[in-house]
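These come from TrEMBL:
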BINDING   Leu9, Gly10, Cys11, Gly12, Val13, Val14, Gly15, Ser16  NADP(+) binding site
BINDING   Lys105  NADPH binding site
BINDING   Glu190  L-homoserine binding site
ACT_SITE  Lys205  active site, proton donor
DOMAIN    351-424  domain 'ACT'
Amino acid sequence: MKPLRVALLGCGVVGSQVIRLMHEQSADLAARVGAPLELAGVAVRRLSRKRDIEVDPALLTTDAESLVTRDDVDIVIEVIGGIEPARSLIVAALSRGKSVITANKALLAEDGGTLHEAARAGNGDLYFEASVAGAIPLLRPLRESLAGDRVRRVLGIVNGTTNYILDKMDSTGASFLDALEEAQTLGYAEADPTADVEGFDAAAKAAILAGLAFHSRVPAEQVHREGITDITATDVASAKAMGYVIKLLAICARSDDGRTFGVRVHPAMIPRTHPLAGVREAYNAVFVEAESAGQLMFYGKGAGGAPTASAVLGDLVAVGRNRLAGTRGPEESTYAHLTVHPMGDTVTRLHVALDVADKPGVLARVAELFAKHDVSIQTVRQEGQGDDAQLVIVTHRASDAALTATMDELRALDIVRSVAGLMRVEGDD
Ligand SMILES: NC(=O)c1ccc[n+]([C@@H]2O[C@H](COP(=O)([O-])OP(=O)(O)OC[C@H]3O[C@@H](n4cnc5c(N)ncnc54)[C@H](OP(=O)(O)O)[C@@H]3O)[C@@H](O)[C@H]2O)c1
C-alpha cells in the first residue's frame, strides 16, 4: 500500500512526541489508517539544537515553506505555534490540497476563518483537536457527537498553569507570586507566564469552543478576558471559608432567548461541591450542557508533550482515513451566525466584601443601592466590628452591567472605605 507522507512543522515539546509515537506505533497506526504513515520531513528553527529524541538528520530542514509544498507530502502537522509563519505555512499546504492538523489555538482563535476557507478551497481537512484541552477528546464530541443536539453552555477549566497556581493557593495558603514561582520551577508555567496568567490562552480556547458549540464564528477579541494576577491569598481564604474555591473559568453560554451567546474567561468562585472544584493541579475539565444530552463532563491532561501528541495522532488517523477514502471530515459549521453579546448582558452573581464604617444605617444604604440597580441580595453578613467592620454580600443572578453599575456607586459611598473582595460566583445555578 502506498504510504501517506507526513510533514511535521516543529519538533519541540509536542512535535518530538509526535515523532516518537509515529515511530513506536507505526504498525498499529498503519492498520488503523489503512496505509503506512511516513515522515517526509521535519521543519525546525535551529538544526543544531539538542532534541529530546533522535531525528534522522536527513529529515530535518529549516525550509518549512518548501517542505509543506512538496508534491510527495499528503498531510502537514503544524506544531510550531504563534501566528506567523504558522498561518502562511498552513494556508500554503491547504491551498495545494494537503490536509492539515494543528495544535495552534492562538492562530485558530485569531484567524481560524482564513484556515477553514483555505481547507474548503483546497478540498482538504483541517483538524485541531489538540488545540483545546490537550489530550481530552472535546472538539470531536462537540463537532460530531453533539451535532444533533443543542448546546446551551460550555463551562470549563482549560488552562493547566492557572489551575495549578490557584490550586496551590487554595491548598497551602500561598500568595499568587509564590504559587507562580513554584509552577515555574516545576515546569507548569513558562518563564514569561503572561499568556496563561492573564487569560489569553484560555480566551483563545474559549473562542474555539464557542464557535463549535454555537455554530458561529467567534472573533478572539470578542472574548471577555480577565486573568488571575490580582487574586490574593485573602480572596482564596475567604472563598474557602464560605465553602467555595476560586477557579479560572472559560464560559460559553447561550442567552435565554437563544439568539446570542456570551464568551468569557475570568476567575470565579464555585461551590466546593461542584465537579469542577475537584479538578486539582494542572488538570483540565470541561462541562458541556446540551438540551437533550444533559450534562457531560470531560476531564484529563490539558497539556504536555505526550498527551497533546495523542490528540494529534488521533487527528492523523482520522485525516489519513479520509484521504484514503477520497473524502473530507466535517467542515467548519457557522450557519447559525449568532452574535456574541457584550459582557454587560451576561447574567452572573457577585460576591462582595466591603470595608465599611460601623454605624447605624450602613446596611440599609448599601441594600438600597443594590435595589436601585435591581440586584437582589441572597446573603449578607457583617464580620468584625469598629474599624474592622466588613459587609460580605452575595447577590442573586443579575446582568453584569447592573452589577458593575452597583459596584461603581458603592465605591463612591462615604460609608464604604474600600472594596476588600470582589468575585463572580458561578456553578450553583
Ligand atoms: N506544549 C503543550 O503542552 C501544548 C499543548 C497543547 C497545544 N500546544 C500547542 O502546540 C504548539 C507547539 O507547542 P510546543 O510546546 O511543542 O512548542 P515548542 O516546544 O516551543 O516547539 C516549537 C517547535 O517549532 C519550531 N519552530 C519555531 N519556529 C519555527 C519556524 N519559523 N520554522 C520552523 N520551525 C519552527 C521550533 O524549532 P527549534 O526546536 O529548532 O527551536 C520547535 O521545534 C503550539 O501551538 C502550542 O500552543 C502545546
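Residue 1 is the first one shown; counting continues down the chain.
Keep in mind that glycine also has a Cβ here, set from the backbone N, Cα and C atoms.
When the binding-site residues Leu9, Val13, Lys105 are ranked by how far their Cα is from the Cα of Glu190 (L-homoserine binding site), Val13 comes first.
Counting residues per DSSP class in helix, strand and coil order gives 27 helix, 30 strand, 17 coil for the domain 'ACT' (351-424). Around Lys205 (active site, proton donor), the C-beta neighbours below 8 angstroms that are at least 6 residues distant in the chain are Lys105, Ala109, Ser131, Val132, Ala133, Val158, Asn159, Ala250. Counting only residues at least six positions away in the same chain, the Cβ atoms of Val79, Ala103, Ala130, Gly305, Thr308, Ala309, Val312 sit under 8 Å from the Cβ of Val14 (NADP(+) binding site). Cβ neighbour count for Gly15 (NADP(+) binding site): 28 (other Cβ atoms within 10 Å of its Cβ, all protein chains included). Listed binding-site residues: Gly10, Gly12; maximum Cβ neighbour count within 10 Å falls on Gly10. The NADP(+) site is set by Leu9, Gly10, Cys11, Gly12, Val13, Val14, Gly15, Ser16; from the centre of their CB atoms, other residues of the chain with a CB within 8 Å are Leu8, Gln17, Val18, Val44, Val79, Ile80. With a cut-off of 6 Å between Cβ and the nearest atom of ligand 1, the binding-site residues Gly10, Gly12, Val13, Ser16 reduce to Gly10, Gly12, Val13. Among the binding-site residues Leu9, Val13, Lys105, Glu190, the residue whose Cβ has the fewest other Cβ atoms within 10 Å is Glu190. Cβ-based neighbour count (10 Å, all protein chains) for Ser16 (NADP(+) binding site) stands at 22. Just so you know, the Cβ of Cys11 (NADP(+) binding site) picks up 24 other Cβ atoms within 10 Å once every protein chain is counted. According to DSSP, Gly10 (NADP(+) binding site) is assigned to coil rather than to any helix or strand.
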